[in-house]
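> Okay, handing you the structure first.
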Amino acid sequence: MTIALSEQLTNRFFRYLAVSSQSDAASPTLPSTEGQHKMAQMLAEELRQLGLEDILIDEHATVTARKPGNQPTAPRIGFITHIDTVDVGLSPDIHPQRLRFTGSDLCLNAEQGIYLRTAEHPEILRYQGEEIIFSDGTSVLGADNKAAVTVVMTLLENLTADDCHGDIVVAFVPDEEIGLRGAKALDLARFDVDFAYTIDCCELGEVVYENFNAASAEIDIIGVTAHPMSAKNVLINPIRVAYDIISEFSPQETPEHTEGREGYVWFTDMTANPNSAKLKIAIRDFDNVSFAARKAYIGEVVAKVSAQYPRAKISYSVTDVYSNISNSIGEDKRAIDLIFSSMAELNIEPKVIPMRGGTDGAALSTQGLLTPNYFTGAHNFHSPFEFLPISSFVKSYQLTRTICLSAAKA
């Protein structure tokens, strides 16, 4: 008996979630965690069983493979998904569950008293009566991005010789959540396609071909230590210097006070002791001019505060992380056009959004490979209340399949 598509997707998704593959920003290695090696090995073995060609798993836990097409004139389409889940201080182990939403608050974990409150997450109200996948509230769900891994692998399993399509090339990469490290290291000679897609984040219908420009900055401060009994006119407290630096930035241009296409500067980490302090900063903006100005302002603030504390030593660095996909859109817009035509065929209403984040596609688009993004169907990423309506999960799969088949007809 043929298993229902919803069951096929859910069963595979749960199997992938059973492999703990949280990334670790503090690790200098690629991948940053051993669990990602395990995830990559699992996928490589499944690809072998499915009969794909050119399967390669490298030392960085990047897996690439090709499903040969039967339409030689069709474009080569790529799908890139990431195998890590995010570390936000929750458990690295994910315990998924299927619950039917009846319209009331949902108990995710009775033992720990964890509830999803509809007043706090009103977006769930549109899924009344539906089956939805949640974690048990002790971790993220990991639909970001294992729902996408599931969609792609299920497509590769289900395509038959009767389905007309071009070559489909897949890449499963590590450490997206800690700076797109895997995508940046991907050899595009291995991922040789005409255009590609990520399936990362986003509720049903959402399409992304515009995202933040992103940079990171670090400011290092060395003060002057002294015993408090003789500190007058001697001691330079690096924590106070750090406070003065932070105070130079608008409190309204932060993630919690901005939306849409508004950019921000976000102080993400601070370590300090009586001798030194370090600040870490995330810089985000859609507009290229504003983005450059925000990066330059870091240096202006350091110069200003250095003048106030001439005996302190203050240094800084700014590093670009990824750029706006829209910067890379040229005359060939087939990748984007196929999303919309395929959505129309499936009666899915598109919702184009400027993504206040980035995907592996941002790294690839910067290298000249246009890689727009569309939905998995999930909500509340990076949260214990992340959830994935199964109906939306199915639609994500159907869209992925339709894109591949429609491209061969164009």
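Every residue gets a Cβ built from N, Cα and C, even glycine.
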> Swiss-Prot records Asp144, Asp200 as Zn(2+) 1-binding residues. Which of His37, His60, His82, His379 is assigned to the same site?
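Given Asp144, Asp200 bind Zn(2+) 1 in Swiss-Prot, the matching entry from His37, His60, His82, His379 is His82.
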> List the residues in the vicinity of the Zn(2+) 2 site, defined as same-chain residues other than Asp144, Glu177, His382 with C-beta within 8 angstroms of the site's C-beta centre.
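Close Cβ neighbours, site residues excluded: Thr85, Val86, Val88, Val140, Asn145, Phe381.
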> On a count of neighbouring CB atoms within 10 A, which of the recorded positions Glu176, Glu177 is highest?
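For the recorded positions Glu176, Glu177, the Cβ with the most other Cβ atoms within 10 Å is Glu176.
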> When you average the Cβ positions of His82, Asp144, Asp200 for the Zn(2+) 1 site, which other residues in that chain have a Cβ within 8 Å of that mean position?
Thr81, Asn145, Ala148, Glu176, Glu177, Thr198, Ile199, Cys201, Thr359, Asp360
> Cα distance, Asp144 (Zn(2+) 1 binding site) to Asp84 (active site), nearest Å?
8
